[in-house]
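Undergrad: Input: one structure, supplied below.
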């Protein structure tokens, strides 16, 4: 007999009745029923009920067992009485009578119980993550992640992609976040960086003559945490292809992503129609570049109905250049109570408020109500209703100004309206490609900077770069699903003259480009092929499949919101010897 087990805790069925078996696992819980001790014994695979009566030679030992002790038992498999069968577990038709037991590991008083789904503070869960991982929901999430990664690999191999590994220690490069720097012992005063993404390396793989590359790549970014983003590191399906157009990339990755969601989505509907929406239209209609298309609400510009109207705030606002009035339809939101609640929401988001109109049945016909309706009159309110396609019982909310001043709040309001009015289908995955991203934007100081990936090919090539930088569009694209960005990619700029010009517009001289991207600049002198690709966030994919809003629920050992590993006490202070080896000195903060 094996030293620890003949079967797992999910394996025994009625076919094993009468057999002597050996099981090992953790004590999930102990119950005393009339002097007979019942133990739910748990391992990675499942649960088996084992019991010990006073006639057992190890009864006195079993009495001492507590939750989460690790034990090995030998016993006889018996069938449960018909009335005691548990159909919820594979072993629910049998139980094992203990005849021998060995304690493999005791457990101190638990800082959080493994049994049950009671919520505990996240700090406690992260400090004792090894215990938290034993809990069924988190254990299942981590196993789901493993299966998703395995399936992704197989799907990529099946379409002739080759998996390569790229360096983890490399040079710093501007990719939208802060680098994690690594001091060099052999080169005092110089630093490596952990890669924010394998961006340059995967492009160099294409220059190296390989056709289709992928890897499940770790990425390191010193970012502020969010619920859907880890503050230090994450994993992505990274891929690149030679001799491809933007549509080729879509046609390649779409079946992979759709297949993963169909395989692991638990029966939820996976949309087959993935519309292409321009970045500007997405911002206009949804207030974000990662829209949730399960929500049917589509915002519209209604400036014409307020220009010269009796609502002076909007009328005067529209006299300023670059302003507009945008409407958020709310089907079924036609009550003053709901409208007032949404107005308060806008105020909580830092805006003065949100105007509204709602339509009600007055017996003699439809009537528009609310402060705006009184100020602009029945003809304008009726024109708004017809434009938005609203009926009795519906409402519309209005925000005005320059789009940058209210667009994000409008997007959040659209989400809240959809959630509160029950408009969002929770059993659906809705995808959309967001395309035609602007190449450049102005930073907080008014300087031109890259808005996304600096290595993207501008639409129109060199000619486009000769005009207004803020009008230049790139061959950049994102895939949004249910309000999250899942995939981001681009057709790359493989022409050195266009690359130099693109960086020059963003304030990088040729010398700096060569210094920071010397490897790629040098490679592009030797016949670089047209190429493009994308990366899909593994963490976010699994987060959606697991139906959780917190990315830490699908990462085995995540950091907390302050980028701390409470279990391993990281970050920690280096020793003096370590600092001397690296020729470093810590300057205390004042």
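Glycine residues also receive a Cβ, built from the backbone N, Cα and C atoms like all the rest.
Owing to the predicted nature of the structure, the values given are computational and were not obtained by experimental measurement.
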Undergrad: From 163, 485, 590, grab the residue that Swiss-Prot records in the same ATP site as 221, 222, 223, 537, 538, 539, 540.
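TA: Of 163, 485, 590, 485 joins 221, 222, 223, 537, 538, 539, 540 in the ATP site that Swiss-Prot records.
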Undergrad: With Swiss-Prot as the source, identify the stretch among 195-198, 199-202, 203-206 annotated region 'Aspartate'.
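TA: Residues 199-202 are the ones Swiss-Prot records as region 'Aspartate'.
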Undergrad: For residue 222 (ATP binding site), which of the recorded positions 33, 452, 492 has the nearest Cα in space?
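TA: Closest recorded candidate to residue 222 (ATP binding site) by Cα: 452.
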Undergrad: Would you pick out, from the binding-site residues 222, 223, 485, 539, the residue whose Cβ has the largest number of other Cβ atoms within 10 Å?
TA: 539
Undergrad: Compared by Cα position, which of the recorded positions 33, 221, 452, 492 is the closest one to residue 540 (ATP binding site)?
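TA: In terms of Cα distance, residue 540 (ATP binding site) lies closest to 221.
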Undergrad: Rounded to a whole angstrom, what is the C-alpha distance between residue 539 (ATP binding site) and residue 221 (L-aspartate binding site)?
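TA: Their Cα atoms are separated by 14 Å.
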Undergrad: Can you tell which of the binding-site residues (537, 540) has the fewest other C-beta atoms within 10 angstroms of its C-beta?
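TA: Counting other Cβ atoms within 10 Å of each of the binding-site residues 537, 540, the minimum falls on 540.
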Undergrad: For residue 539 (ATP binding site), what is the secondary structure state per DSSP, taken as helix, strand or coil?
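TA: Going by the DSSP assignment, residue 539 (ATP binding site) falls within a helical segment, counted as helix.
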